[in-house]
Every structure is written in C-alpha cells, then in structure tokens.
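Q: I am attaching a structure below and will ask some questions about it afterwards.
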Amino acid sequence: MRIIYWYDHDDNLVLRHLIPRGKQKVPYTNYGPNQVTYCDFNGSAEIPHAFVPETGPGRGRPKMLMPTYYFANEQQSVRFQCAARQKQLLRTFDKVYVRTNKDNPISSREQLKLWQKMDDSNVTFTFFAYMNVDPKHHYEFDLLWFREEIKRSGKELTLTFNTFKDERKKSVDKGKSLFKSNRRSSHDNNSPEHRNRRSSSHSRSPSDSSSSQVIPGTDRIVTRSKVYLGWKCLHIEFDSEKDAEEFMTLCHNPEGSAGSRLVPEPIWRISQLPEGFLHRLYPVLEMYTSRRIITLPTVANDIAVSNASRNNAHGWMNRLHELRGWLQFDDSQTVPIAVLDTGIDNTNPWIHQRWGKYSQSKERYRNFLDDDVAAATRVGTGPYSKRRADEIVRSLGDRQRDTPQDDTGHGTHVAGIILQLYPEATLFVGRVLENDVTTNRDETRTAAKRLALAIIYATVVWKVKIISLSIGIRKENLSDEEKAMVRNAIRFATNVIRYPGDNGVLIFAAASNEGNRDRILFPAAEPEPFCIHSSNGYGVPSEFNSPCERQRQSFSILGEGVRSTWLQRANQGEAGPSWAIRRGTSVATPIAASAVAIIIHFSRQHEPKGNDDLETREGIRIILSGMADENRQGFYDIVPWHGVFQLSTNERSDDPIEAASRNITRLLDEEH
C-alpha cells in the first residue's frame, strides 16, 4: 500500500491518501492543454482511492474518490512521483529515440528518465512510447532485465534483454551484476537476504514465454505482458554523446550523482508532509500552468505546509513578539514600509482594523495597474536624478483615491505578516501585479515597468525607509530596456546622497522557490537589495531555496508554516477574519523587513552610539550578520533575539536596553 500525506488548504485538514495495490498503478504525469502538468489514476481499473482525514471532525472516516493531481511546475510533479514511487530521479534526458530490435520505433524524441530505488541501488529507466496497445503509455524497465554487456557507438546504446539461459547463468555467477552496482547493498552479495531479494525479483518460469523475456516492475503502467513478446533488445539514441556517456556513468554509480540529491526521500509521517506539489481532488476547478515567466516566489496555494512547520513557525514568531514587547516601542519613531505586490484585501476585518481605516485618509494605497501608460512612456531607461524622479511622479497627476484590492491573496498575506510582527509600521501598499503568475511575455515586460514606477513613487511620495518585494522575474524574459528601468529605480531608491542626511531606502527581495533548477530571480539578484532565502523554525534551510551564491552574503529567515491574513471571501460567509498558512521566500522577505524595522525603530528611539551608520545598507548588513550564524548551505540565518537583543542576560542587574545599545555600537565599531 502506497501512502501519501498532504494538506488540504480549503478545509484545513491533513489527509492520508491510500493508493491501492493490484492493477491500480502509480501513473506518470502528463501534459494537458497549455502544457499543464497533471496526474490522474483513471488509466487502469477505475478503482477509487481512500482519503482518510487525520484531523478535524471527520477524523478516521475515509472518503472514496478518484483523485487528479495538478502541478504548478515540473519540479513539483517530480517530487510527487518520487514520493509515490519511492524512487529518486537521477536524470532526465531530453529528445531520446528508442527502437526495439533495432527496427521497430516505439518512442520518438521523447524524454527518458533514469530512477533509483530508495531501498537499494537498483536503477530503472522510463520513457513515453507509442504502440498498438493504447494511444500512449509510459514504459518502465529495470536495468537488471538486461545483459551485463551493453554496446555503445557514439550517442547510441544497445541493451539486450536477458533470456532464461541468462538468468540461470546469473544464478551461478554470484558476484556479477549489471554495471557492477545494480545489486549493491549494505549486505554481502552472498547473504541470505540478498539471495532472497534476487530470487524474488528475477525468478522466471520456462513455460511463461512473456515473463521469460521481461519481469514487469511493480509500478509499471502497462499491464499487458504481450507487448514484450519478440523483444530482444532496446536501441536507444541520445541527443549527444555526452548524454549517452552520462547515462552509463549514472548506471555505474547512481549514489554519486548530483541528481539523486535534488529530490528528498519520501516521508510518511504527518509531521513531515511530502512538500512542493499542488494537489486538488477530483473534480479539479483550477488549472495551474507549468510555464512561469513572472512569479511570486511563495506561489500561494501550491506548497503544502506540515503541522511541524506550522508549530515551529508559531514558536518563532512568539519569540519575536516577546522581543518587540520587551523593547517598549512608542509611536514617535515608526518606520514607514512599502509592500509592492498584488494589493491588499481591506474587507478582511483584521486588516481593516489595523490598516484599512487609516489608509484612505493618508493615501497609503495605490493601484499601479492604472498607471501602465505612465510606466511605459515616462519612466525611461536612464539613471534617475531627484529632479527626474519628481517629474515622473508629477506626470501621474492626482486622481481619486484607489480602493484597496487583491484578487489572489498573496499581497494580503505579505502585508499581514508585517502588521503582525511590527504593528507600529506606517504601511503603504502598492498593487503592481494582478495575478500570482503571469505567463504572457508582454504582460511580464509591462509589469517590470510598473514595478520601476512603484519603486520611484514609494521613494519620492511615500518616503518609505523599507520596501518589501516578494516578486521574482526571470531576466531572460525581460529586454535590456525593462531591466534598466527596474535596476535604475532600485539604484535611485538606495542612493545615500539622494537627499541631504538621507541614508537611502532598504530593499528586501525574495530569492526563488525553484531550488537549484533556477538561479536567484530578478531583482533579488541585483547587488543593492537584500536577497532573502527561507528557513524553518529551527533555522534549517528550506529545500526550495536557490543555491547560495558565495560572492555575496545570502541571508535566510523564517519562511515556512507562517500564518497570516488572506482573502476574506475564502471564509465563504463565516464570521471573523480569513487566515492562511504559507511558506516560501516571499514569506521570509516581509519577516526580514519587519525584523529590520524593529532594529531601526530601536535605534531611533534609544539612539545608540553610531546609529547614523546603522540605517545605511552596510550598517544593516553588519547588524544582521551579528544576529546570524552561517549554516551548512552557506546562508546566514537571522535570529533577531541573538547577538544584539537578548531576551535574557547573564547579569541580572544589566539593563537589556543598554545592553542592546552596546551590542549595536560594538558591532558597528568592529566592522570599521
């Protein structure tokens, strides 16, 4: 029985998905309209699956359903496959041509995926194939089905199936195995356990003509063994000689491959849910595209959150609440912050009580979607002077105050985090994106211009100290013009000589949620913003972080299991504010911004020596470094109550406020 635990965001339930054995195999993902990646179980036997709630009023009572899984991208699909199949994906080879017996084409220019089982080193490979059985199937082959000798000619390989005689010979040759590593285990090859596993996997009956050629795998979709009749070999042509060589190398040494570390092993405890994939029960109401040109790195709704992550985050945020209360802030030195995102839902009563009733009279919201023309024609690509920035702002003209709006919930979640952690904030919200994901290139380019305009506006009109950007754009999807607009807007905002006595705006930008499949996104990849990665409540780096870039100091902070405000309509008429739990680098970004706002507020109120330097980018970098330890992945994980602010001191008589002031002065002096 295969089991997958996952979290149903809509009903706030942990569900246990029981995948039946027998004819009900684990399907491979397919591509639907607009390249949507999906996976359903309708291809064999039509056996319903049991979904058992682990929490809530229906706990323990199974629901019988036919599930369909939709994924936001290919990476999430791969993680689901690995968890469901108990295999790691070693490598995907593109554009592979496969023939049987060297003349019968069964797969043309399709992907070939090389897998490794979790419990031992057996290697399998799969590919899509067109045959006379059904329109299309995904075939799986265990390398142990083939002879040890594999012929290679350039980018072509020929694998010959074992015959019954080969199997008898193998039972005599105890030390031999395909590629010398396919039967490797922690036990000796002659141990009873190893012999039992071999015999159960490869015993064949001479009277069974189909099984004497191939022994089907337990999760192979194709159940008709007759499709293998007459097959003597597979002829595989790779796209390059390098791919063919790597295929052989991975089969020799699967444990040493980099790909095997990309995908986490399947986890079967509720406290650690399989993460990184989107699931919806049939019928599916929403479609998520796999192509993501501009994205909010949280990608709201598409990442499962475990109970453990939620509890750890709750404890972490409680510590920060305790710290803020201990600092005894007043309202005279509040730090203005701008969130540039998808907007904010002012109908949420929690948001309205803490922000909405002040926002209209003080013009703390602007819908930059209505400024597309200005963004496209007036921003320009040259460096911005104060005079030029003032001209751009004046060209917008005055209009009636905008009504706060958020159609996705992402901006509402980000704003709610800041209002929870730093309620003294003077919070400004700019709506620069309409959707979580934009797949149209023209819309992406317009959004970049809009972002540049919003950064200038937040700097000149709102006069903010901090800008939180939970937005990521792939540079290759922007022209040099759009990149120059955003880059110059950031440089104008962070320029310390823009105004007399001004230390510049501090910009915090989310890195990426694509792991090592993607580099740090724009604008977080620029040198001026603080690039923020994610960690859990214990400081462990999140699996979806992009790789640490050693040439720059990469900070991480809590970004998993964080509860914040959400679209009020999600409550479906129920009383009280709407909340949601999310994770991602764009959740970590407003938390980092809030922590820095607390530092600046403390500095302004208590005026430690050197506090003028503290509000510069370099000063904040020094203080954050003093709060952080470098972890094994090279990230500096920020813990606000370490290094500077101490929730308890060794000397009872020591004033914690004075101690924090001394720590700030010491850190700044040591750096200089």
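Quick reminder: no glycine exception, Cβ is built from N, Cα and C everywhere.
Note: TrEMBL annotation is automatic and uncurated.
Because the structure is a prediction, the values reported are computed rather than measured.
According to TrEMBL, the feature active site, charge relay system maps to Asp341, His410, Ser586. Per TrEMBL, compositional bias 'Basic and acidic residues' is recorded for 185-194. Residues or ranges marked as compositional bias 'Low complexity' in TrEMBL: 202-212. As annotated by TrEMBL, domain 'Peptidase S8/S53' applies to 334-601. What TrEMBL records for 172-216 is region 'Disordered'.
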Q: Please compute the mean pLDDT of the model over the domain 'Peptidase S8/S53' (334-601).
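A: A mean pLDDT of 86 is what the model gives the domain 'Peptidase S8/S53' (334-601).
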Q: Would you count the other CB atoms within 10 A of the CB of Ser586 (active site, charge relay system), including those on all shown protein chains?
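A: By my count, 32.
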Q: Count the other Cβ atoms sitting within 10 Å of the Cβ of Asp341 (active site, charge relay system), across every protein chain shown.
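A: A 10 Å sphere around the Cβ of Asp341 (active site, charge relay system) contains 28 other Cβ atoms.
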Q: What does the structure give for the C-alpha distance between Ser586 (active site, charge relay system) and His410 (active site, charge relay system)? Integer Å is fine.
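A: Ser586 (active site, charge relay system) and His410 (active site, charge relay system) have their Cα atoms 9 Å apart.
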Q: For His410 (active site, charge relay system), list the number of other Cβ atoms lying within 10 Å of its Cβ atom.
A: 30
